[in-house]
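Straight from TrEMBL, the features:
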REGION    1-23  region 'Disordered'
REPEAT    233-267  repeat 'PPR'
REPEAT    304-338  repeat 'PPR'
REPEAT    339-373  repeat 'PPR'
REPEAT    374-408  repeat 'PPR'
REPEAT    409-443  repeat 'PPR'
REPEAT    479-513  repeat 'PPR'
REPEAT    514-548  repeat 'PPR'
REPEAT    654-688  repeat 'PPR'
REPEAT    689-723  repeat 'PPR'
REPEAT    724-758  repeat 'PPR'
REPEAT    759-793  repeat 'PPR'
REPEAT    794-828  repeat 'PPR'
Amino acid sequence: MEGAIFPNRPVYRIPTHRPPQPAPTVKFSTLTLPLPPQSPSSPSFESLLQQLLHLSSSTNTTTAHKPKTINQSHQSISQFPSLRVSVDPSWKHQQEVHPRTPTSVVVVPEFDAEKEEGKPCNGSFGFLSMKCKFLLNSILEQPLHSLSSFFDSAKLELLDADMTGLLKALDLSGNWDRALLLFEWAVLNLSSENVKLDKELIESIVRILGRESQHSIASKLFDVIPLEEYTLDVRAYTTILHAYSRTGRYERAIAIFQRVKEIGLSPTLVTYNVMLDVYGKMGCSWNKILGILDEMQSRGLEFDEFTCSTVISAGGREGLLKEAKDFFTDLKSRGYKPGTVAYNALLQVFGKAGNYSEALSILKEMEENNCPPDSVTYNELVAAYVRAGFYEEGASVIETMAQKGVTPNAVTYTTIINAYGRAGNQDKALRLFDQMKEAGCVPNVCTYNTVLGMLGRKSRSEEMMKILSEMKTNGCAPNRITWNTMLVMCGNEGTQEYVKQVCREMRSCGFEPDRDTFNTLINAYGRCGCDIDAAKMHEEMVKAGFTPCISTYNALLNALARRGAWKAAESLILDMKNKGFRPNEASYSLMLHSYAKGGQLRGIRNIEKEIDKGHIFPSWMLLRTLVLVNFKCKSLRGMDRAFQALQKHGYKPDLVLFNSMLSIYAKNNSYDRAHEMLQLIHESGLHPDLVTYNSLMDMYARAGECWKGEEILKGVLKSGGRPDLVSYNTVIKGFCRQGLMQEAIRVLTEMTKGGIRPCLFTYNTFLTGYAGLGMLSEMDEVIQYMIENNCRPNELTYKIVVDGYCKARKYKEAMDFVLNIKEVDRSFSDTSVQRLTSRVQNNLQS
């Protein structure tokens, strides 16, 4: 098909051999044209939400019989207003996961039950008295939802019992949830008796929650227990610090860390590693991190793999690529031999920046130092490739892994699926998703979230319903990110009520907002055009104890970019810098979009100059954005410069970029350059998609080569493709511009028979064609046809008709037409009628 339809060089002024006109002439009427198909119905957003709600409820084993929490069972205890702890055994398997497994893993103290003092060898709980054993059996026999009532009934016995021993026994028997409920009950009842909690009791619950990775519960629990009144062991404090780090409560973690040092405890290597992670995630803390490292050295602590990887990851998170690499190089110069974890962290830093050449050199260094790559190594390499636009090269890593004896995992596949989806190649992403399952790699919740997000961006609701059903069949419980994905999907203009509804349902399923949720909410409200609500979410986030990060600022920038508020966006960037945050590639990309929406080419050019000077790292994402914003501003020169810069840095353009370049060349009648882009698409190993073909059709339609445009349309059909509404509208536009109205009607007939419903643009195109030919009665037929088929004309529609009458000097008919509009369309505004009336009068006077 390529050889026939798309020659390497454009063919100018192709002789147009018009086929004979149909006889009799087809009128624009329901009597001669097939009825337009009904708009296809797809599952509503409410249906998707209810499906997710049902899935979340059905996988939450304790939703139906949720045990009472401290707040629920003792509403009168006002000193614990913030403690809302639910006990769901499935929560451990719903921990938040991200597209790529973090390479910086902070290890908290492992509390091995077998090593705990008093652990019986025969499982008989010999450390418990007979009274406590009786209480233990009674607790184990009670349903979860009845435990609070049971504890109240056995209050005297429990207050007199070895509470710490009971917690330990419940934990050893695999009932951490019951242990937590017992601890909550003890907190309330001991405080009401003015009895101070035993520090061993607190340390026990810390160990239990730490082992079960119940970070959210732990952080909320220790918000209401006055830790300042106790001196716990350093392992317990380290676990609490880790819980606050995992839940984004960085300021609280820092305060507790200071408390640890003030009371004379010596932080361990693991404690320091946790705090490095806290500062790294909090942002604007590179100097704090260096201070922690100095403090560790002064205490004689040697850095381990986790120290190294955490510091490197922190540098990468803040865009401090040079600092991260210099830290790594300095460690090696001191005799440190990095392992796989440290190398993986460095790979992730350059992978995030899309600097695949640096990533490849790191991989080479690993091999030279006999440091074996693992699955995380290859996953970071995949990420580096796709961030530089090399999707196929990233996908080929799967084969490399198999050759090296490393099995690709869900993270590997999910990274590539996500890349294909963001590049607009949803079908290829879905094929890889199927390939993943055929290879025996079980999708995790992150994979499903990625696919749902990809489909949600394209409003493919029916397929989203299937994915949710598949999650249910496979027993894959939705997590907080699944709900955040729904928030992203409903973030469109006029859908702010959906945002609020999703929040309500999310909370009803036990998912309280975390920092990522607040960032998502700011983004969603920004896309809805509700800047006030976005600002409120920012305030609520701070009140909830979450520290704003670069993602928060980027969410606010996104809201400003959508309405082109570039001055406000510049102020926000300045505020970021003043508070110590270093804008990343996403920040600058959003700033570029702000300028583009506001029509500020000078602002775009300024960022481009900063990139050229080396002040801003020229990542693939940023250079790609430069191409696209220049496209929005119709700046051909700017697009050329950005496209050349992208190629100069060794990045691979994706199909979206090629299509944008081809489109702007087509709009500027640069046929040679347009065909060069088409040739580059093939040379890059990509395949033209419908957007490519539509751009070429548009190019020929603009040049008056309407038959050539239809030839491309037929070629798409012959190759098994499915032209869309834009395809047919473009060909119709080409024929209408040449006055070939019968050919345009023929294409319309083929379109409707193919199941595609005409839109307002279709009808306005016909009206423009008839108006240009002075075919006034045919214009009336189009208007009548629109009304009969539930397509309401807009002001532009009527303006085209009015101009047609005026061009034919039928001013009275034009005025009569305007005055009759309200009789046909009562919803048409009086203001619009007045504007059309003035248009007729102005034409009459000119």
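From the backbone N, Cα and C atoms, a Cβ is placed for every residue, glycine too.
Residue counts for the repeat 'PPR' (759-793) under DSSP, helix first, then strand, then coil, are 27 helix, 0 strand, 8 coil.
Contacts between the repeat 'PPR' (514-548) and the repeat 'PPR' (233-267): present, as 3 or more C-beta pairs lie under 8 angstroms, all at sequence separation of six or more. Within the chain, the repeat 'PPR' (233-267) has long-range Cβ neighbours (under 8 A, six or more residues past its boundaries) at 106, 108-109, 111, 202-203, 206-207, 209-210, 214-216, 218-219, 222-223, 227, 274-275, 277-279, 281-282, 299, 514-516, 545-547. Taken together, the residues in the repeat 'PPR' (654-688) have a mean pLDDT of 89 on the 0 to 100 scale.
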